[in-house]
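Copied over from TrEMBL, here are the features:
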{"type": "TRANSMEM", "residues": "12-42", "note": "transmembrane segment"}
{"type": "TRANSMEM", "residues": "62-88", "note": "transmembrane segment"}
{"type": "DOMAIN", "residues": "63-251", "note": "domain 'ABC transmembrane type-1'"}
{"type": "TRANSMEM", "residues": "100-125", "note": "transmembrane segment"}
{"type": "TRANSMEM", "residues": "131-150", "note": "transmembrane segment"}
{"type": "TRANSMEM", "residues": "183-210", "note": "transmembrane segment"}
{"type": "TRANSMEM", "residues": "230-254", "note": "transmembrane segment"}
Amino acid sequence: MMDKQPRLLKAYALLYLCFLYAPILMLPLFSLNNAVAVAFPLRGFTLHWYKQLFQDRSLHAALFNSLQVAIIASVAATSAGTLTAYALTRGRGFLTRPVTGLAVLPLFIPGIILGIALLMVVNLIGIGPSLTAVTIGHIAVCLPLTIVIMRGRFASTSASIDEAAMDLGATPWTTFRRVSLPLALPGFLSCLILSFTTSIDEFIVSFFLVGTQETLPLYIWDHLRFPEQLPQLLGLGTLILICSGALVLCAEFLRRRGAAQSA
């Protein structure tokens with residue numbers, strides 16, 4: 001009986017992995033298919049769909065918009081989140097825990113609710129739907145994620161190091177800049193990468209806040225209505241998958257490196 005249990009667990013794990021990753025592995029396969037229809041058997045292999053990607057000017061514009069928003073949002077969210085996480089980790093007031101809860105609350109708010117709320121805010125302050133509004137929305141999405149990660153990073157380093165620096169005459173800002181931040185740098189870079197990938201992938205908030213211009217997820221959404229463009233979108237999805245996977249691996253490497261240095 002005991003021998004059967006590990007086998008069942010292994011079989012379940014294998015089925016789960018197949019269910020999770022089989023559709024993803026099909027993406028690059030059908031992006032090379034020499035046919036519009038997504039069906040077996042394949043009619044041959046071609047790079048025609050990838051060639052079309054590089055010739056599509058509307059895709060280039062959407063990609064540029066997404067990169068522009070993602071770079072600004074990731075830098076702003078990571079910087080603000082790092083400062084907030086440091087203050088919440090080193091703070092000793094009775095409001096520290098309630099403020100921490102409020103800071104990470106957007107992680108548990110449905111995206112459609114967050115999108116509607118942000119749309120109301122940008123209209124009230126006179127910005128209106130635009131790439132600027134999308135950038136603000138992406139900062140709001142990425143900020144709680146950064147706070148959670150960096151708070152754990154700062155918590156893993158001893159506060160006595162900061163106290164020793166201030167005892168030697170360093171100001172709180174100098175202590176943060178020259179002592180705490182260098183120790184947390186792997187976590188900072190990891191947050192930067194994760195915020196970038198989150199912003200590139202964000203659809204719901206972008207859908208509510210974008211104006212006449214498109215971001216990459218909205219470009220994909222708009223072109224899904226045309227069956228003849230599906231192979232081209234499969235090729236685009238494959239490229240996004242490769243780039244996102246590389247960035248996530250870099251972020252995980254930096255996170256583990258930072259954890260090993262703290263140990």
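Any Cβ shown, glycine's included, is placed from N, Cα and C.
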Could you check whether the transmembrane segment (62-88) and the transmembrane segment (183-210) come into contact, where contact means at least 3 Cβ pairs under 8 Å with the two residues of each pair 6 or more apart in sequence? yes
Between the transmembrane segment (12-42) and the transmembrane segment (230-254), are there three or more CB pairs that fall under 8 A, provided the residues in each pair are separated by 6 or more in sequence? yes
Close approaches to the transmembrane segment (12-42) from elsewhere in its chain (Cβ under 8 angstroms; 6 or more beyond its ends): 48-50, 227-228, 230-231, 234-235, 237-238, 241
Sequence-distant residues near the transmembrane segment (100-125) by C-beta distance (under 8 Å, 6 or more away from its ends) are 84, 88, 133, 136-137, 140-141, 143-145, 147-148, 151, 204-205, 207-209
